[in-house]
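A.B. asks: Sharing the record's features from Swiss-Prot:
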ZN_FING   8-44  zinc finger
ZN_FING   143-173  zinc finger
REGION    159-206  region 'Disordered'
COMPBIAS  189-206  compositional bias 'Low complexity'
ZN_FING   303-337  zinc finger
ZN_FING   371-401  zinc finger
REGION    388-420  region 'Disordered'
């Protein structure tokens, strides 16, 4: 039994032709009847026999031919001779992999294909992939925005992001604390300069009071001339520490005093005092400097914020802001605010002046106002309506000087008026017809015709069967008055 099992294993364990390991009889039968096995058998018949099976060449060829003729190689008698190879051959076959790698030289395909450089990039990629020419992958340039924490795939995406409003808002949010710190530092420096100037003013007041005391003593007692000298020398020591404002007080001192040593002692001081004056004139102008940036013009604010407060338009760049400022809409809004152009602004009745004053500083200056366009002769109640009117086709055409287009109507006004007049005349002619004289006697016909013809009366020919006799139509005594005929309602 063991021998039979070993024979069965040898029968369907390995196919030397295809170098494939088989695990069952059914699998071996399917493989030997398959196209790939038969194709390789044909190749072996046409070509040379491998070296490993050279000793078994005649038997193998016979077995292959018989297997191909019979159809199934499992039932052939010559199959064991093909399969029963030496033990070394069996071990090598079992160790081999099902797919054998064919080494190809890694030479560039340019030498193999003469037209390689003129090929399409797709063909080049296929050839490079098949022939194993490895192209070093290019590193992608990572474009990122550190402020918004975003990565981009191309330069165009990055440019669009940098020009966008989200990036601008985040930039402003990061720059605003820096600007606040700078403004705080500037305010601290301004307070320091103010305190220094206040100390200087206090020292000048003390020196002036001392100088007045000295002049009084000089006028009263000339014997005590040494005392003013001492009093004058006392403030000379703080002059080294106190800045320039002491100079005018010192200049005032010597004039009332008659003592010559006072004039002779400070000839070296005025040069130092003049230098101190120049130095003090500069810090005096510093406190005004911080007040200037606080009052910024509208243009500077618009450039910083990229926003036009007059037209209420947000912009992504300075170039767009300049283009907006040079546009006709912005100019007309400016003219409306200033009242220089054809659009005049008037205060709205009921609006408070205080509210207007606060809004003039904050907004566009066009709130709580009504407007009148002199070109189009249109009154507008708000700023939004003014913008709509300025951007309308009617206003643009009037400004450009184009003639007004007539509104579409199926008929003209002249035709309508003429047709209505003709209809009225026809009705009057039909209604106002003179009564024939046959109804009236001869003496009254001439007198009654014009009076009766003025009033329309219905045609009674429909209701009368025969003509009325003349006795009914005789005039009554007194003034003649036309009577309306009776209306008879008859059934159908």
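The backbone N, Cα and C atoms fix where each Cβ goes, and this holds for glycine too.
I'm curious about the neighbourhood of these features; can you describe it?
C.D. replies: Looking at the zinc finger (8-44) alone, the prediction's average pLDDT is 81.
Long-range neighbours of the zinc finger (143-173) within the same chain, counting only residues 6 or more positions beyond its ends whose Cβ lies under 8 Å from a Cβ of the stretch, are 305-306, 314, 316-317.
Listed as Cβ neighbours of the zinc finger (371-401) (distance under 8 Å, sequence separation of 6 or more from its ends, same chain) are residues 311, 329, 332-333, 336, 342-346, 348, 364.
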A.B. asks: Looking only at the zinc finger (143-173), how are its residues distributed among DSSP helix, strand and coil?
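C.D. replies: For the zinc finger (143-173), the helix, strand and coil counts are 18 helix, 6 strand, 7 coil.
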A.B. asks: By DSSP, what is the split of the zinc finger (8-44) into helix, strand and coil residues?
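C.D. replies: Tallying H, G and I as helix, E and B as strand, the rest coil: 24 helix, 4 strand, 9 coil.
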